[in-house]
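**Q** The structure that follows is given in the form of structure tokens.
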Amino acid sequence: MPEFLTVVSWPFLILLSFQVRVVAGAPQPWHCAPCTAERLELCPPVPASCPEISRPAGCGCCPTCALPLGAACGVATARCAQGLSCRALPGEPRPLHALTRGQGACVLEPAAPATSSLSGSQHEEAKAAVASEDELAESPEMTEEQLLDSFHLMAPSREDQPILWNAISTYSSMRAREITDLKKWKEPCQRELYKVLERLAAAQQKAGDEIYKFYLPNCNKNGFYHSKQCETSLDGEAGLCWCVYPWSGKKIPGSLETRGDPNCHQYFNVQN
């Protein structure tokens, strides 16, 4: 497993941020790695036929061609064109989960008027996709996995840099107020989260180099590990992913580390 600073699971951080206000005067948040001239020189050219150039998603530096109406999209894909937003497909049972896997579609933004290029049926589908996401956001029964997906939609970017640092400040505030419910977490991934919070709270007080890569435990709603684990990168390069045993978080022997999908399900297929 890569030796990077480990950070806490995002669902837990999101829950903390809803419970306690962020400490005033918190240290500066971690930033995306700067787009140096050397990095920009490595960017592939945008095709001349591209109708609209879009800024990169997340911490990327290279401009991309904006996605058109109806194109597949997600958290890690290029951005949708102006007037469009990336939404889960109508009827998708796990909208946020689908968006983290690039299984959404570019549709008209809720406030955007329909255009002549969009048929009546397409317009209704676009509205249905928006409605499904709105209903999910209002549901009081959001699971921890959905909260994880929700955070990935707010992954660190040049527009949203304070999320991680503010969450750590929130934890420090809880500690100062002697809120000790954190110690009730018993499952393996949950225990790791608590230890990581302790380390991050301490690291917050120290000055040093910027952190551009870190591993964040990917926990399920029961407090165990998802079989697929990935590092998070703030330098524009895709992080490594690998496969683990859900009950321990230990890497599966012989499994690959890749910047794509390691296909962890292959190690759990039951042979008949």
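Each residue, glycine too, has its Cβ placed from N, Cα and C.
Computed from a predicted structure; not experimentally measured.
Swiss-Prot feature annotations, pasted as is:
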type     : residues      : note
COMPBIAS : 132-143       : compositional bias 'Acidic residues'
DISULFID : Cys32-Cys59   : disulfide bond
DISULFID : Cys35-Cys61   : disulfide bond
DISULFID : Cys43-Cys62   : disulfide bond
DISULFID : Cys50-Cys65   : disulfide bond
DISULFID : Cys73-Cys86   : disulfide bond
DISULFID : Cys80-Cys106  : disulfide bond
DISULFID : Cys189-Cys219 : disulfide bond
DISULFID : Cys230-Cys241 : disulfide bond
DISULFID : Cys243-Cys264 : disulfide bond
DOMAIN   : 28-109        : domain 'IGFBP N-terminal'
MOD_RES  : Ser139        : phosphoserine
MOD_RES  : Ser157        : phosphoserine
MOD_RES  : Ser169        : phosphoserine
MOD_RES  : Thr170        : phosphothreonine
MOD_RES  : Tyr171        : phosphotyrosine
MOD_RES  : Ser255        : phosphoserine
SIGNAL   : 1-25          : signal peptide
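Help me picture these features in the structure, burial and contacts included.
**A** In this structure, Cys32 (disulfide bond) belongs to neither helix nor strand by DSSP; it is coil.
Cys62 (disulfide bond) carries neither a helix nor a strand DSSP state and counts as coil.
Taking a C-beta cut-off of under 8 Å and a sequence gap of six or more, Cys50 (disulfide bond) has these contacts in its own chain: Cys65, Ala66.
Cβ-based neighbour count (10 Å, all protein chains) for Cys73 (disulfide bond) stands at 23.
The local packing around Cys80 (disulfide bond), expressed as other Cβ atoms within 10 Å of its Cβ over all shown chains, amounts to 25.
Around Cys230 (disulfide bond), a 10 Å sphere centred on its CB holds 20 further CB atoms from the protein chains shown.
The Cβ of Cys264 (disulfide bond) has 19 other Cβ atoms within 10 Å, all protein chains considered.
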**Q** Please average pLDDT over the domain 'IGFBP N-terminal' (28-109) for the predicted structure.
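**A** Averaging the confidence scores along the domain 'IGFBP N-terminal' (28-109) gives 84.
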**Q** Reduce the DSSP letter at Cys264 (disulfide bond) to three states and note it down.
**A** helix
**Q** In whole Å, note down how far the CA of Cys62 (disulfide bond) lies from the CA of Cys219 (disulfide bond).
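**A** Rounded to a whole number, the Cα-Cα distance is 31 Å.
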**Q** On a C-alpha basis, identify the one among Cys61, Cys73, Cys86, Cys189, Cys230 that is nearest to Cys32 (disulfide bond); the candidates are the disulfide-bonded residues.
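**A** Result: the closest of the disulfide-bonded residues to Cys32 (disulfide bond) is Cys61.
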**Q** Roughly how many Å separate the Cα of Cys241 (disulfide bond) from that of Cys264 (disulfide bond), to the nearest whole number?
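**A** If we compare the Cα positions of Cys241 (disulfide bond) and Cys264 (disulfide bond), the gap is 10 Å.
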**Q** If you draw a 10 Å sphere on the Cβ of Cys32 (disulfide bond), how many other Cβ atoms land inside?
**A** 21
